Amino acid sequence: MFFLPHRGNKVNKWYTICICILELLLTTYAFYYNFQIDDPLIQLSEDYKWINIFDFYWRLGIDGLSIGTILLTGFITTLATLAAFPVTRDSRLFHFLMLAMYSGQIGSFSSRDLLLFFIMWELELIPVYLLLSMWGGKKRLYSATKFILYTAGSSIFLLIGVLGLSLYGSNEPTLNLEILTNQSYPVTLEIIFYIGFLIAFAVKSPIIPLHTWLPDTHGEAHYSTCMLLAGILLKMGAYGLVRINMELLPHAHSIFSPWLMVVGTIQIIYAASTSPGQRNLKKRIAYSSVSHMGFIILGIGSITDPGLNGAILQMISHGFIGAALFFLAGTSYDRIRLVYLDEMGGMAISIPKIFTMFTILSMASLALPGMSGFVAELIVFFGIITSQKYFLMSKILIIFVMAIGMILTPIYSLSMSRQMFYGYKLINVQNFSFFDSGPRELFLAISILLPIICIGIYPDFVLSIASDKVESILSNYFYG
(Lines of atoms letter the chains of each structure in order from A; the text may use other names.)
(Lines give C-alpha, C1' and ligand atoms only; values in the text may rest on other atoms or scores of the structure.)
Protein backbone atom coordinates (compact mmCIF):
# COMPACT_ATOMS: atom_id res chain seq x y z
CA MET A 1 0.00 0.00 0.00
CA PHE A 2 2.75 2.44 0.94
CA PHE A 3 4.31 2.44 -2.54
CA LEU A 4 1.14 3.80 -4.08
CA PRO A 5 0.83 7.57 -4.59
CA HIS A 6 -0.52 9.55 -1.66
CA ARG A 7 -3.04 11.49 -3.74
CA GLY A 8 -4.00 8.65 -6.05
CA ASN A 9 -7.53 8.05 -4.93
CA LYS A 10 -8.58 5.74 -7.74
CA VAL A 11 -5.34 3.76 -7.64
CA ASN A 12 -5.79 3.02 -3.95
CA LYS A 13 -9.42 2.01 -4.36
CA TRP A 14 -8.91 -0.28 -7.30
CA TYR A 15 -5.76 -1.82 -5.83
CA THR A 16 -7.59 -2.69 -2.61
CA ILE A 17 -10.62 -4.05 -4.42
CA CYS A 18 -8.46 -6.19 -6.70
CA ILE A 19 -6.55 -7.57 -3.71
CA CYS A 20 -9.81 -8.40 -1.93
CA ILE A 21 -11.33 -10.08 -4.98
CA LEU A 22 -8.13 -12.05 -5.52
CA GLU A 23 -8.18 -13.22 -1.89
CA LEU A 24 -11.83 -14.18 -2.15
CA LEU A 25 -11.19 -16.17 -5.32
CA LEU A 26 -8.21 -17.90 -3.72
CA THR A 27 -10.24 -18.81 -0.65
CA THR A 28 -13.11 -20.11 -2.75
CA TYR A 29 -10.71 -22.11 -4.92
CA ALA A 30 -9.03 -23.66 -1.89
CA PHE A 31 -12.38 -24.45 -0.33
CA TYR A 32 -13.78 -25.93 -3.50
CA TYR A 33 -10.88 -28.09 -4.59
CA ASN A 34 -8.68 -28.78 -1.57
CA PHE A 35 -11.08 -28.98 1.35
CA GLN A 36 -12.66 -32.31 2.34
CA ILE A 37 -16.03 -31.60 3.90
CA ASP A 38 -16.37 -34.94 5.71
CA ASP A 39 -13.06 -34.63 7.56
CA PRO A 40 -13.36 -33.06 11.04
CA LEU A 41 -9.60 -32.70 11.46
CA ILE A 42 -7.44 -29.72 10.59
CA GLN A 43 -6.71 -29.28 6.89
CA LEU A 44 -4.49 -27.07 4.73
CA SER A 45 -2.19 -26.52 7.69
CA GLU A 46 1.02 -24.52 7.93
CA ASP A 47 3.50 -25.15 10.70
CA TYR A 48 6.69 -23.13 11.11
CA LYS A 49 8.86 -22.67 14.17
CA TRP A 50 8.71 -19.02 15.15
CA ILE A 51 10.20 -18.40 18.59
CA ASN A 52 12.37 -21.13 20.06
CA ILE A 53 12.24 -20.24 23.74
CA PHE A 54 8.67 -21.18 24.51
CA ASP A 55 7.56 -23.46 21.71
CA PHE A 56 5.79 -20.76 19.70
CA TYR A 57 4.86 -21.89 16.20
CA TRP A 58 3.25 -20.13 13.26
CA ARG A 59 0.40 -22.59 13.03
CA LEU A 60 -2.48 -22.09 10.66
CA GLY A 61 -5.16 -24.48 9.53
CA ILE A 62 -8.86 -24.65 8.88
CA ASP A 63 -11.64 -27.04 9.69
CA GLY A 64 -15.40 -27.07 9.26
CA LEU A 65 -15.92 -24.48 11.96
CA SER A 66 -13.69 -21.79 10.53
CA ILE A 67 -14.12 -22.17 6.75
CA GLY A 68 -17.60 -20.64 6.81
CA THR A 69 -16.47 -17.57 8.71
CA ILE A 70 -13.37 -17.19 6.53
CA LEU A 71 -15.47 -17.20 3.36
CA LEU A 72 -17.85 -14.73 5.01
CA THR A 73 -14.88 -12.50 5.90
CA GLY A 74 -13.62 -12.47 2.32
CA PHE A 75 -17.05 -11.72 0.93
CA ILE A 76 -17.98 -8.94 3.34
CA THR A 77 -14.56 -7.27 3.18
CA THR A 78 -14.67 -7.17 -0.62
CA LEU A 79 -18.11 -5.58 -0.51
CA ALA A 80 -17.07 -3.16 2.24
CA THR A 81 -14.13 -1.87 0.19
CA LEU A 82 -16.52 -1.48 -2.70
CA ALA A 83 -18.90 0.40 -0.41
CA ALA A 84 -16.11 2.72 0.71
CA PHE A 85 -15.91 4.42 -2.70
CA PRO A 86 -17.14 7.80 -1.40
CA VAL A 87 -14.24 7.97 1.10
CA THR A 88 -11.73 10.48 -0.25
CA ARG A 89 -9.98 11.73 2.86
CA ASP A 90 -6.65 9.93 3.38
CA SER A 91 -7.81 7.13 1.15
CA ARG A 92 -4.44 5.39 1.21
CA LEU A 93 -4.47 5.03 4.99
CA PHE A 94 -8.14 4.04 4.94
CA HIS A 95 -7.60 1.19 2.52
CA PHE A 96 -4.42 0.12 4.27
CA LEU A 97 -6.40 -0.20 7.49
CA MET A 98 -9.13 -2.16 5.73
CA LEU A 99 -6.55 -4.66 4.46
CA ALA A 100 -4.85 -4.87 7.88
CA MET A 101 -8.22 -5.61 9.44
CA TYR A 102 -8.82 -8.30 6.82
CA SER A 103 -5.58 -10.08 7.69
CA GLY A 104 -6.31 -9.89 11.41
CA GLN A 105 -9.74 -11.42 10.92
CA ILE A 106 -8.58 -14.29 8.74
CA GLY A 107 -5.63 -14.89 11.06
CA SER A 108 -7.79 -15.20 14.12
CA PHE A 109 -10.22 -17.52 12.37
CA SER A 110 -7.50 -19.84 11.10
CA SER A 111 -4.81 -19.83 13.77
CA ARG A 112 -4.16 -23.16 15.46
CA ASP A 113 -1.85 -21.72 18.09
CA LEU A 114 -3.24 -19.98 21.15
CA LEU A 115 -0.73 -17.14 21.30
CA LEU A 116 -1.04 -16.56 17.55
CA PHE A 117 -4.81 -16.38 18.06
CA PHE A 118 -4.28 -13.73 20.72
CA ILE A 119 -1.89 -11.71 18.54
CA MET A 120 -4.31 -11.73 15.61
CA TRP A 121 -7.13 -10.81 18.00
CA GLU A 122 -5.15 -7.75 19.09
CA LEU A 123 -4.05 -6.88 15.56
CA GLU A 124 -7.68 -6.34 14.73
CA LEU A 125 -8.33 -3.69 17.36
CA ILE A 126 -5.94 -1.01 16.09
CA PRO A 127 -7.40 -0.63 12.55
CA VAL A 128 -10.92 -0.46 13.97
CA TYR A 129 -9.88 2.22 16.45
CA LEU A 130 -8.25 4.32 13.73
CA LEU A 131 -11.10 3.83 11.27
CA LEU A 132 -13.50 4.94 13.97
CA SER A 133 -11.59 7.95 15.23
CA MET A 134 -10.70 9.31 11.79
CA TRP A 135 -13.72 8.64 9.61
CA GLY A 136 -16.52 8.52 12.17
CA GLY A 137 -19.42 10.80 12.98
CA LYS A 138 -19.67 13.66 15.46
CA LYS A 139 -18.98 11.73 18.67
CA ARG A 140 -16.36 9.54 17.06
CA LEU A 141 -13.55 10.05 19.58
CA TYR A 142 -15.80 9.14 22.50
CA SER A 143 -17.01 5.96 20.87
CA ALA A 144 -13.54 4.98 19.63
CA THR A 145 -12.11 5.38 23.12
CA LYS A 146 -14.99 3.38 24.55
CA PHE A 147 -14.41 0.64 22.00
CA ILE A 148 -10.69 0.39 22.66
CA LEU A 149 -11.16 0.42 26.44
CA TYR A 150 -13.72 -2.36 26.35
CA THR A 151 -11.96 -4.63 23.87
CA ALA A 152 -8.40 -4.08 25.05
CA GLY A 153 -9.50 -4.46 28.65
CA SER A 154 -11.22 -7.72 27.83
CA SER A 155 -8.26 -9.10 25.92
CA ILE A 156 -6.20 -8.97 29.13
CA PHE A 157 -8.43 -11.80 30.33
CA LEU A 158 -7.86 -13.57 27.03
CA LEU A 159 -4.07 -13.30 27.45
CA ILE A 160 -4.21 -14.56 31.04
CA GLY A 161 -6.34 -17.50 29.94
CA VAL A 162 -4.05 -18.34 27.01
CA LEU A 163 -0.93 -18.27 29.15
CA GLY A 164 -2.60 -20.21 31.94
CA LEU A 165 -3.79 -22.94 29.59
CA SER A 166 -0.44 -23.23 27.85
CA LEU A 167 1.66 -23.29 31.02
CA TYR A 168 -0.57 -25.58 33.02
CA GLY A 169 -1.76 -27.72 30.13
CA SER A 170 0.88 -30.44 30.12
CA ASN A 171 4.31 -31.27 31.45
CA GLU A 172 6.08 -28.92 29.06
CA PRO A 173 4.39 -25.63 28.09
CA THR A 174 2.57 -25.94 24.81
CA LEU A 175 0.40 -23.56 22.78
CA ASN A 176 -0.78 -26.08 20.23
CA LEU A 177 -4.58 -26.27 20.08
CA GLU A 178 -4.64 -29.94 19.03
CA ILE A 179 -2.62 -31.01 22.08
CA LEU A 180 -4.64 -28.79 24.41
CA THR A 181 -7.94 -30.23 23.15
CA ASN A 182 -7.09 -33.61 24.63
CA GLN A 183 -5.94 -32.29 28.03
CA SER A 184 -8.07 -32.56 31.12
CA TYR A 185 -7.84 -30.04 33.93
CA PRO A 186 -9.11 -29.92 37.51
CA VAL A 187 -12.66 -28.59 37.46
CA THR A 188 -11.99 -25.48 39.57
CA LEU A 189 -9.10 -24.44 37.36
CA GLU A 190 -11.19 -25.09 34.27
CA ILE A 191 -13.94 -22.86 35.66
CA ILE A 192 -11.45 -20.05 36.30
CA PHE A 193 -10.10 -20.31 32.74
CA TYR A 194 -13.63 -20.47 31.40
CA ILE A 195 -14.65 -17.26 33.15
CA GLY A 196 -11.59 -15.46 31.78
CA PHE A 197 -12.24 -16.55 28.20
CA LEU A 198 -15.95 -15.87 28.60
CA ILE A 199 -15.33 -12.25 29.59
CA ALA A 200 -13.06 -11.72 26.60
CA PHE A 201 -15.50 -13.23 24.12
CA ALA A 202 -18.53 -11.66 25.79
CA VAL A 203 -17.20 -8.21 25.03
CA LYS A 204 -16.50 -9.12 21.43
CA SER A 205 -19.76 -10.87 20.56
CA PRO A 206 -21.63 -8.55 22.76
CA ILE A 207 -23.21 -10.52 25.55
CA ILE A 208 -25.22 -8.43 27.99
CA PRO A 209 -24.06 -6.59 30.19
CA LEU A 210 -20.81 -6.02 28.24
CA HIS A 211 -22.47 -4.82 25.06
CA THR A 212 -22.62 -1.07 25.59
CA TRP A 213 -19.68 -0.22 23.32
CA LEU A 214 -21.49 -1.64 20.32
CA PRO A 215 -24.35 0.86 19.75
CA ASP A 216 -21.99 3.79 20.23
CA THR A 217 -19.41 2.37 17.87
CA HIS A 218 -21.95 1.50 15.21
CA GLY A 219 -23.73 4.80 15.56
CA GLU A 220 -20.55 6.75 14.83
CA ALA A 221 -18.53 4.62 12.41
CA HIS A 222 -18.46 5.08 8.64
CA TYR A 223 -20.79 2.54 7.14
CA SER A 224 -18.10 0.45 5.43
CA THR A 225 -16.47 0.04 8.84
CA CYS A 226 -19.92 -0.81 10.21
CA MET A 227 -20.27 -3.58 7.66
CA LEU A 228 -17.04 -5.14 8.86
CA LEU A 229 -17.96 -4.62 12.52
CA ALA A 230 -21.42 -6.14 12.23
CA GLY A 231 -20.49 -8.79 9.72
CA ILE A 232 -17.25 -10.14 11.09
CA LEU A 233 -16.13 -8.71 14.42
CA LEU A 234 -19.15 -9.99 16.30
CA LYS A 235 -18.60 -13.41 14.79
CA MET A 236 -15.07 -13.52 16.23
CA GLY A 237 -16.48 -13.60 19.75
CA ALA A 238 -18.93 -16.40 18.97
CA TYR A 239 -16.21 -18.31 17.12
CA GLY A 240 -13.93 -18.00 20.16
CA LEU A 241 -16.69 -19.31 22.42
CA VAL A 242 -17.08 -22.43 20.29
CA ARG A 243 -13.40 -22.89 19.53
CA ILE A 244 -11.92 -22.39 22.99
CA ASN A 245 -14.68 -22.57 25.60
CA MET A 246 -16.50 -25.55 24.09
CA GLU A 247 -13.60 -27.53 22.66
CA LEU A 248 -10.96 -27.00 25.33
CA LEU A 249 -13.07 -26.70 28.48
CA PRO A 250 -16.02 -29.09 28.18
CA HIS A 251 -16.68 -29.67 31.91
CA ALA A 252 -16.84 -25.98 32.70
CA HIS A 253 -19.01 -25.42 29.66
CA SER A 254 -21.55 -27.98 30.81
CA ILE A 255 -21.61 -26.22 34.19
CA PHE A 256 -21.98 -22.75 32.69
CA SER A 257 -24.35 -23.51 29.83
CA PRO A 258 -27.59 -22.95 31.81
CA TRP A 259 -26.34 -19.47 32.63
CA LEU A 260 -25.55 -18.91 28.97
CA MET A 261 -29.12 -19.88 28.13
CA VAL A 262 -30.51 -17.43 30.68
CA VAL A 263 -28.27 -14.62 29.45
CA GLY A 264 -29.14 -15.37 25.83
CA THR A 265 -32.88 -15.18 26.42
CA ILE A 266 -32.52 -11.98 28.45
CA GLN A 267 -30.39 -10.53 25.66
CA ILE A 268 -32.92 -11.29 22.93
CA ILE A 269 -35.71 -9.60 24.87
CA TYR A 270 -33.67 -6.71 26.20
CA ALA A 271 -32.08 -5.67 22.93
CA ALA A 272 -35.32 -6.09 21.00
CA SER A 273 -37.15 -3.87 23.46
CA THR A 274 -34.41 -1.19 23.68
CA SER A 275 -34.16 -0.92 19.93
CA PRO A 276 -37.43 1.03 19.28
CA GLY A 277 -36.34 3.69 21.75
CA GLN A 278 -33.27 4.68 19.73
CA ARG A 279 -33.45 7.86 17.68
CA ASN A 280 -30.30 7.10 15.75
CA LEU A 281 -30.87 4.79 12.79
CA LYS A 282 -27.56 2.95 13.06
CA LYS A 283 -27.95 2.47 16.81
CA ARG A 284 -31.30 0.86 16.18
CA ILE A 285 -29.75 -1.59 13.73
CA ALA A 286 -26.92 -2.20 16.22
CA TYR A 287 -29.37 -3.18 18.95
CA SER A 288 -31.09 -5.50 16.51
CA SER A 289 -27.79 -7.23 15.86
CA VAL A 290 -27.23 -7.60 19.63
CA SER A 291 -30.62 -9.27 19.77
CA HIS A 292 -29.71 -11.64 16.95
CA MET A 293 -26.45 -12.60 18.64
CA GLY A 294 -28.61 -13.88 21.53
CA PHE A 295 -29.67 -16.80 19.33
CA ILE A 296 -26.03 -17.77 18.83
CA ILE A 297 -25.47 -17.83 22.59
CA LEU A 298 -28.58 -19.98 23.03
CA GLY A 299 -27.36 -22.41 20.39
CA ILE A 300 -23.94 -22.64 22.03
CA GLY A 301 -25.52 -23.12 25.45
CA SER A 302 -27.87 -25.90 24.36
CA ILE A 303 -24.98 -28.35 23.73
CA THR A 304 -26.92 -30.26 21.09
CA ASP A 305 -26.13 -31.06 17.50
CA PRO A 306 -28.91 -28.90 15.98
CA GLY A 307 -28.29 -26.10 18.46
CA LEU A 308 -24.63 -25.67 17.62
CA ASN A 309 -25.29 -26.08 13.90
CA GLY A 310 -27.96 -23.40 14.15
CA ALA A 311 -25.55 -21.12 16.01
CA ILE A 312 -22.97 -21.45 13.23
CA LEU A 313 -25.63 -20.86 10.59
CA GLN A 314 -26.87 -17.81 12.49
CA MET A 315 -23.30 -16.47 12.58
CA ILE A 316 -23.09 -16.67 8.79
CA SER A 317 -26.59 -15.38 8.10
CA HIS A 318 -26.37 -12.47 10.52
CA GLY A 319 -23.03 -11.56 8.97
CA PHE A 320 -24.80 -11.01 5.66
CA ILE A 321 -27.96 -9.39 7.02
CA GLY A 322 -26.24 -7.01 9.44
CA ALA A 323 -23.73 -5.86 6.85
CA ALA A 324 -26.47 -5.27 4.29
CA LEU A 325 -28.63 -3.25 6.68
CA PHE A 326 -25.72 -1.05 7.71
CA PHE A 327 -24.78 -0.53 4.07
CA LEU A 328 -28.29 0.61 3.15
CA ALA A 329 -28.50 2.86 6.20
CA GLY A 330 -25.19 4.40 5.14
CA THR A 331 -26.24 4.98 1.54
CA SER A 332 -29.43 6.67 2.62
CA TYR A 333 -27.35 8.78 5.01
CA ASP A 334 -25.14 9.78 2.06
CA ARG A 335 -28.26 11.01 0.29
CA ILE A 336 -29.98 13.04 2.99
CA ARG A 337 -27.34 13.64 5.70
CA LEU A 338 -29.82 12.90 8.48
CA VAL A 339 -29.09 10.44 11.25
CA TYR A 340 -32.17 10.66 13.43
CA LEU A 341 -35.27 8.74 12.51
CA ASP A 342 -37.78 11.36 13.63
CA GLU A 343 -36.37 13.83 11.10
CA MET A 344 -36.74 11.40 8.21
CA GLY A 345 -39.82 10.30 6.34
CA GLY A 346 -41.22 10.05 2.84
CA MET A 347 -38.04 8.88 1.17
CA ALA A 348 -39.69 6.01 -0.69
CA ILE A 349 -40.88 8.22 -3.52
CA SER A 350 -37.50 9.63 -4.40
CA ILE A 351 -35.28 6.57 -3.80
CA PRO A 352 -37.43 3.58 -4.72
CA LYS A 353 -34.56 1.13 -5.28
CA ILE A 354 -33.00 1.70 -1.88
CA PHE A 355 -36.48 1.50 -0.36
CA THR A 356 -37.09 -1.88 -2.01
CA MET A 357 -33.78 -3.33 -0.89
CA PHE A 358 -34.21 -1.99 2.64
CA THR A 359 -37.67 -3.53 2.93
CA ILE A 360 -36.47 -6.92 1.71
CA LEU A 361 -33.52 -6.90 4.08
CA SER A 362 -35.53 -5.83 7.09
CA MET A 363 -37.83 -8.74 6.28
CA ALA A 364 -34.75 -10.97 6.28
CA SER A 365 -33.75 -9.50 9.63
CA LEU A 366 -37.10 -10.36 11.18
CA ALA A 367 -36.61 -13.99 10.05
CA LEU A 368 -39.03 -14.28 7.15
CA PRO A 369 -39.29 -17.90 5.93
CA GLY A 370 -37.21 -18.31 2.80
CA MET A 371 -34.44 -16.10 4.17
CA SER A 372 -31.41 -17.35 6.08
CA GLY A 373 -32.41 -15.88 9.44
CA PHE A 374 -35.52 -18.02 9.66
CA VAL A 375 -33.67 -21.29 9.10
CA ALA A 376 -31.00 -20.46 11.67
CA GLU A 377 -33.43 -19.46 14.39
CA LEU A 378 -35.63 -22.47 13.68
CA ILE A 379 -32.69 -24.86 14.04
CA VAL A 380 -31.67 -23.17 17.30
CA PHE A 381 -35.26 -23.63 18.57
CA PHE A 382 -35.09 -27.28 17.58
CA GLY A 383 -31.76 -27.67 19.37
CA ILE A 384 -33.19 -26.28 22.60
CA ILE A 385 -36.24 -28.55 22.42
CA THR A 386 -34.17 -31.70 21.85
CA SER A 387 -31.60 -30.88 24.52
CA GLN A 388 -31.46 -33.53 27.22
CA LYS A 389 -29.66 -31.22 29.62
CA TYR A 390 -32.60 -29.10 30.71
CA PHE A 391 -35.92 -29.88 32.36
CA LEU A 392 -39.09 -29.55 30.36
CA MET A 393 -40.38 -26.50 32.24
CA SER A 394 -37.16 -24.55 31.76
CA LYS A 395 -37.14 -25.37 28.05
CA ILE A 396 -40.76 -24.22 27.72
CA LEU A 397 -39.93 -21.01 29.57
CA ILE A 398 -36.86 -20.28 27.41
CA ILE A 399 -38.77 -20.92 24.20
CA PHE A 400 -41.69 -18.77 25.35
CA VAL A 401 -39.37 -15.85 26.06
CA MET A 402 -37.59 -16.38 22.72
CA ALA A 403 -40.93 -16.29 20.97
CA ILE A 404 -41.71 -12.93 22.60
CA GLY A 405 -38.35 -11.70 21.30
CA MET A 406 -39.22 -12.85 17.81
CA ILE A 407 -42.50 -10.93 18.07
CA LEU A 408 -40.62 -7.79 19.13
CA THR A 409 -38.25 -8.02 16.15
CA PRO A 410 -40.84 -7.09 13.45
CA ILE A 411 -42.01 -4.23 15.64
CA TYR A 412 -38.74 -2.36 15.60
CA SER A 413 -37.61 -3.26 12.09
CA LEU A 414 -40.92 -2.39 10.44
CA SER A 415 -41.34 0.79 12.46
CA MET A 416 -37.82 1.74 11.37
CA SER A 417 -38.69 1.42 7.70
CA ARG A 418 -41.99 3.19 8.31
CA GLN A 419 -40.28 6.18 9.89
CA MET A 420 -37.69 6.33 7.15
CA PHE A 421 -39.65 5.79 3.98
CA TYR A 422 -43.34 6.47 4.48
CA GLY A 423 -45.16 9.72 5.14
CA TYR A 424 -44.82 13.19 3.63
CA LYS A 425 -42.16 14.81 5.78
CA LEU A 426 -39.25 15.32 3.35
CA ILE A 427 -41.33 15.99 0.26
CA ASN A 428 -42.49 19.35 1.58
CA VAL A 429 -38.91 20.59 1.82
CA GLN A 430 -37.80 22.90 -0.99
CA ASN A 431 -34.94 21.92 -3.39
CA PHE A 432 -35.55 18.37 -2.39
CA SER A 433 -34.01 16.11 -4.99
CA PHE A 434 -31.47 13.37 -4.77
CA PHE A 435 -30.46 10.42 -6.86
CA ASP A 436 -31.55 6.87 -6.45
CA SER A 437 -28.90 4.23 -5.99
CA GLY A 438 -26.38 3.86 -8.76
CA PRO A 439 -25.24 0.60 -10.31
CA ARG A 440 -22.46 0.13 -7.75
CA GLU A 441 -24.81 0.32 -4.78
CA LEU A 442 -27.43 -1.82 -6.45
CA PHE A 443 -24.82 -4.45 -7.28
CA LEU A 444 -23.64 -4.41 -3.66
CA ALA A 445 -27.10 -4.81 -2.17
CA ILE A 446 -28.09 -7.57 -4.56
CA SER A 447 -24.86 -9.49 -4.06
CA ILE A 448 -25.46 -9.50 -0.31
CA LEU A 449 -29.10 -10.43 -0.81
CA LEU A 450 -28.37 -13.47 -2.99
CA PRO A 451 -26.51 -15.52 -0.36
CA ILE A 452 -29.22 -14.70 2.19
CA ILE A 453 -31.92 -16.15 -0.06
CA CYS A 454 -29.71 -19.08 -1.14
CA ILE A 455 -29.00 -20.09 2.46
CA GLY A 456 -32.67 -19.64 3.26
CA ILE A 457 -33.74 -21.98 0.49
CA TYR A 458 -30.91 -24.51 0.77
CA PRO A 459 -29.33 -24.22 4.24
CA ASP A 460 -27.68 -27.61 3.94
CA PHE A 461 -24.82 -25.99 2.05
CA VAL A 462 -23.59 -24.27 5.21
CA LEU A 463 -24.72 -27.01 7.58
CA SER A 464 -22.89 -29.78 5.72
CA ILE A 465 -19.58 -27.92 6.04
CA ALA A 466 -19.64 -27.80 9.81
CA SER A 467 -21.67 -30.83 10.83
CA ASP A 468 -18.78 -33.29 11.21
CA LYS A 469 -16.80 -30.78 13.23
CA VAL A 470 -19.84 -30.14 15.43
CA GLU A 471 -20.21 -33.85 16.12
CA SER A 472 -16.56 -34.16 17.06
CA ILE A 473 -16.87 -31.20 19.45
CA LEU A 474 -19.99 -32.63 21.08
CA SER A 475 -18.39 -36.05 21.53
CA ASN A 476 -16.43 -34.54 24.45
CA TYR A 477 -19.66 -34.15 26.39
CA PHE A 478 -21.19 -36.94 28.39
CA TYR A 479 -24.53 -36.72 26.66
CA GLY A 480 -24.32 -36.44 22.90
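Cβ atoms here come from the backbone N, Cα and C positions, even for glycine.
Marked as domain 'NADH:quinone oxidoreductase/Mrp antiporter transmembrane' by TrEMBL: 111-395. Annotation comment: TrEMBL describes 65-85, 92-109, 115-135, 147-171, 191-214, 226-244, 256-273, 285-303, 315-333, 354-384, 390-412, 442-459 (among others) as transmembrane segment.
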Counting only pairs at least 6 apart in sequence, do the transmembrane segment (315-333) and the transmembrane segment (390-412) share 3+ Cβ pairs under 8 Å?
no
Among 147-171, 226-244, 256-273, 285-303, 442-459, which stretch has the most Cβ pairs under 8 Å to the transmembrane segment (92-109)?
226-244
Excluding the flanking five residues on each side, which residues at least 6 beyond the ends of the transmembrane segment (256-273) place their CB within less than 8 Å of a CB in that stretch?
191, 194, 198, 207-208, 211, 287-288, 290-291, 293-298, 300-303, 384, 389-390, 394, 398, 401-402, 404-405, 408-409, 411-412
Who are the chain neighbours of the transmembrane segment (65-85) in space, where the CB to CB distance is under 8 Å and they lie at least 6 residues beyond its ends?
13, 16-17, 20-21, 23-24, 27-28, 31, 35, 94-95, 98, 101-102, 105-106, 109-110, 222-225, 227-228, 231-232, 235, 239, 242-243, 312, 315-316, 319-320, 323, 327, 330, 440-441, 443-444, 447-448, 451, 462, 465-466, 469-470, 473
Ranking 115-135, 147-171, 226-244, 285-303 by Cβ pairs under 8 Å to the transmembrane segment (191-214), which is first?
147-171
For the transmembrane segment (285-303), distant same-chain residues with Cβ under 8 A (at least six beyond the ends):
205-208, 211, 214-215, 217-219, 230, 234, 238, 241-242, 246, 253-254, 257-261, 263-265, 267-268, 270-272, 274-275, 278, 309-312, 314-315, 318, 321-322, 325-326, 329, 365, 373, 376-377, 379-380, 383-384, 387, 389, 398, 402, 405, 408-409, 412-413, 416, 474, 477, 479
